[in-house]
């Protein structure tokens, strides 16, 4: 075979005991090697890529270096000695975060507006949404080893670094904002209830108070997760004591009058002139307003059963169903507090799902019990006009104050620690380069102190910004986007039916995941549609930035599993029996031996495929050695993939090994592709007398590829090395003989595949197309002349000529060729009298075929006069063998094509049919093709075997 780059083959807990039974029933207790080939057991060449990458070689957390021998990247033991337990690490933080301020300061107002029945309905709705996300969280967290980073780690390891990183950033920001909001609320409550005007109060002083509180939280956070766990348990027990004091108060307190707080200014407004209401109102705080606390009463319960919307006295805005639902839902969204501590848990895959579900059921029971007791003991007027009804009806106000302060302070600490863990994992994954490198620093028991300090600084900056009410909604949107991300990740894993997605938590399905996505998306719109749009824009921007900037990671991406799932499904639907000529497109197998000398041809075929299948095939001569550790083709395959990527080709690579190159090509033609996507056209370079020169240079390749483990210098070195072409025992280069080459051409036709032979493509310079020819466009010249039937010069073209025209049309439709070239079709006539008639016929045919091209009719009587078949050949209308065509005839046609196609960027000719007896006529046939294409521009010789053009609608 030739050396035109494609023709030389070769080379180559107690508080939750009552729920434990319920919850516990819900649980059940590296690739091809990059590098050059290993020949004869020798070591790889310089630049070889190791079998196991750096990340997979690292010892898994919680295991010793000897664990899992033989599979370094697998973690069999997920327990961490000394880690947090389910109660202290997950249940307590989640329960505290979900109680929040709603339990102590908002539940009475909610019942006063909604009534008991509607409150239960909205609690059920809110918890249904939360529970859908909890189910997804339980599934994804029980599917394997979970490390630090919480929700970010889970999403990034499922959906990939782009989506996971974007969600991680939003989750970090949301936690920072939420921490600032809790601290600000804590400081305000402290000043209003304890200060009694003894402390200075101004924006500057409030900022200082907030910083002082945050400093206390910073110190507690720097002391590590063990202190956090103790704080969580102590806080939970403290809040439980405070809550039970209220329960005891409800049981033992009798009826009383409760004073309406002065902060309810609308209740204290009176008319300036009772006889003239138009004069307005004025606030009279000298009066004392009270509301009835009835104690346990069925009458009171009946009055509080149904909704009675009034207004929120703090904002003086009317209430409605949506507003009250937003208040309830915002108080129960702390379900990620336990997942944020994933890196400090002893058994995260067990603790996260179990502790989260237990906390959800516990808080739901507490909220229902609280709503029922308030509806049965407090009048509607009291509930609607006193946010602090729980405090005012308790034995002593201090208990509820302690509960409010404890939940707020702990929630802010939980946000601070959780966001620092997300930041630490983001830095470990290097998604933002060196920007977050300091956040990787850890001390002691992997305590990310720098991440905690950076997070604290961000919280202080939020204090400076102020406008807490404005960022509160955006914070809720970011949290909801994070929850949606968990649902999307689990939904994707479930839909792809990935074999390794086997979570021990079984109570979920793709329907619950999909409902979770819809529910969280709906809640975003309920909270604030405009803020939701802003949040989505920020998310998409981060995804795009990370898509182009984030480094490659070895954790995999769900996108590949989704693509595989869809491709397999649609490939099964793609039925070869339903093919129609109207939808024909070229599906090309390009046979390449030395890619270093075929770069132009590789690029040209990429333009020719017209969104069809493009396979680059290569045969390596040899046998599988049973003593070899690795298949030699596995060693070289990454280099071929990198070359395809660096050349920016949309192609697949198929490599095979055979003792006989021809048999290897037959394997490629039969087995390349999948289902109905199999090559229908084979492109092969011409068999030159001597191998062509290597043209591959670094400048021809892309400068950088994100996901390539082999740099372009190594690719060029591999394919241009002097010993790339393996040699036979006698020292000759592995090349197809002329006989084998011609037989390969015949094999293509026998398999009913279209055949294209490429020559002179080393001359093709696509960059020169933009410069034109003397300022004009270059041409794509088509010569649909059957040299073996010179007497048939009409327009009754056969499949081969129509295939030739179709390929030229497809090429002229590709972007660069469409801009800088014109299609020109030549037809030859024997007499001048026929020129105008044939030109008109040609134009009509091009119009009928919807091909935009110039038509040109040329006389060729000076060529046909040399057509004198040899004595062994017959004349007339019978096709004579190609090897019997007179050399003068072929030379004259070559001269004519050179004269008319001087300005052509590429010419397309009919390929003379290969001879039947290749053993005797191979050299003569190759000489004929050589003379036919001598000194021509880059030429594609084409022989079509099937119908490819349709004029039907």
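Placed from the backbone N, Cα and C atoms, the Cβ positions cover glycine too.
Transmembrane segment is the annotation TrEMBL gives to one range among 395-417, 418-440, 556-578, 579-601, and that range is 395-417.
Between the stretches 507-526, 607-626, 627-646, TrEMBL puts its transmembrane segment entry on 507-526. Among the ranges 321-339, 340-358, 663-681, the one that TrEMBL lists as transmembrane segment is 321-339.
Annotated by TrEMBL as transmembrane segment, the relevant range among 43-66, 163-186, 259-282 is 163-186. Here the transmembrane segment (233-252) has long-range neighbours at 15, 87-88, 92, 95-96, 99, 103-104, 295-296, 366, 373, 377, 390, 393-396, 399-400, 402-403, 406-407, 409-410, meaning same-chain residues at least 6 beyond its ends whose C-beta is under 8 angstroms from one of its own. Among residues of the same chain six or more beyond the transmembrane segment (163-186), those with a C-beta under 8 A of the stretch's C-beta atoms are 101, 149-153, 155-157, 206, 210, 213-214, 217, 336, 340, 405, 408-409, 411-412, 415-416, 418-419, 422-423, 425-426, 429, 431, 455, 458-459, 462-463, 468, 471-472, 474-475, 478-479, 481-482, 485, 488, 535, 538-539, 542-543, 546, 550. A contact links the transmembrane segment (449-467) to the transmembrane segment (395-417), because at least 3 Cβ pairs that are 6 or more residues apart lie under 8 A. Long-range Cβ contacts of the transmembrane segment (359-383) within its own chain (Cβ-Cβ under 8 Å, at least 6 residues beyond either end) map to 15-16, 19, 22-23, 90-91, 94-95, 98-99, 102-103, 107-112, 115-116, 119-120, 123, 127, 130-131, 134, 243, 247, 250, 258, 291-298, 300-301, 303-305, 308, 332, 335, 338, 389-390, 393. Within the chain carrying the transmembrane segment (474-495), a Cβ under 8 angstroms from the stretch's Cβ atoms is held by residues 132-133, 136-137, 139-140, 143, 151, 154-155, 158-159, 163-164, 167, 170-171, 173-174, 177-178, 181, 330, 333, 335-336, 501, 508-510, 513-514, 516-517, 520-521, 523-524, 527-528, 531-532, 534-536, 539, 558, 561-562, 565, all 6 or more beyond its ends. Most Cβ pairs under 8 Å with the transmembrane segment (507-526) belong to 116-143, among the candidate stretches 116-143, 321-339, 395-417, 533-550. Listed by sequence, the residues of this chain that lie at least six past the ends of the transmembrane segment (395-417) yet keep a Cβ under 8 A from its Cβ atoms are 93, 96-97, 99-101, 103-105, 175-176, 178-179, 182-183, 185-186, 189-190, 193-194, 213-214, 217-218, 220-221, 225, 228, 231-232, 235, 238-239, 241-243, 245-246, 248-249, 334, 337, 340-341, 388, 452, 455-456, 459.
Within the chain, the transmembrane segment (116-143) has long-range Cβ neighbours (under 8 A, six or more residues past its boundaries) at 26-27, 110, 151, 154, 158, 301, 304-307, 321, 324-325, 328-329, 332-333, 335-336, 339, 342, 348-350, 352-353, 356-357, 360, 364, 367-368, 371-372, 375, 483, 486-487, 489-491, 493-494, 501-505, 507-508, 512-513, 515-516, 519-520, 523.
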